[in-house]
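So the structure is just underneath, and the comments pick up after that.
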Amino acid sequence: MHSTIAYVSLLPLALFVAMHGASTDEESEELGASTDVDYEELDANCTCPAPALTSTRNNKHYPLGCIYNCSSYNCTIPDGTPCYVLTLGEVKEHLQIGSTVPNCTCGLCRNGTCVSNGTVEECFAVEEIEET
């Protein structure tokens with residue numbers, strides 16, 4: 001009887017852990033990873049790729065902003081990393097209309113903020129952009 005109670009009590013926990021791990025892996029696979037982020041400099045908990053868009057100018061991936069969520073952790077991209085001054089919400093709005101984002105403001109990460117360098121270019125999503 002006691003083993004049945006233990007099994008029934010632990011089943012929801014096991015299901016939660018299994019589902020939580022699976023969704024994180026699936027979401028991570030959907031992201032376009034930035035090629036310019038030095039992931040070795042990130043916190044050990046920041047193992048997910050940053051949500052990124054691809055430049056039509058040079059076909060490189062740049063992160064959206066300089067802070068992103070990875071498995072409930074806020075991850076800050078290193079200073080000096082090229083980025084786009086865009087939010088995930090803004091990108092999703094544009095991608096509902098077409099396949100590109102016409103006004104991607106370029107910048108560099110500084111203390112967790114993507115600071116504009118005054119350049120604007122067209123960018124696009126290679127894969128579905130989701131937050132992890």
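Using N, Cα and C of the backbone, Cβ positions are placed for all residues, glycine too.
Not measured: the values here are computed from a predicted model.
Per Swiss-Prot, disulfide bond is recorded for CYS48-CYS70, CYS66-CYS109, CYS83-CYS114, CYS104-CYS123, and the stated evidence type is similarity to another entry. According to Swiss-Prot, the N-linked glycosylation site annotation covers ASN45, ASN69, ASN74, ASN103, ASN111, ASN117. Under the heading signal peptide, Swiss-Prot lists 1-24.
Within 10 Å (C-alpha to C-alpha) of CYS114 (disulfide bond) lie the following recorded positions from ASN45, CYS66, ASN103: CYS66. The CA atom of CYS66 (disulfide bond) is located 14 Å away from the CA atom of CYS104 (disulfide bond). Annotation: ASN45 are the recorded positions among ASN45, CYS83, ASN103, CYS104, ASN111, ASN117 whose CA atoms are within 10 angstroms of the CA of CYS70 (disulfide bond).
Cβ neighbours of ASN45 (N-linked glycosylation site) (same chain, under 8 Å, six or more residues apart in sequence): CYS70, SER71, TYR73, CYS75.
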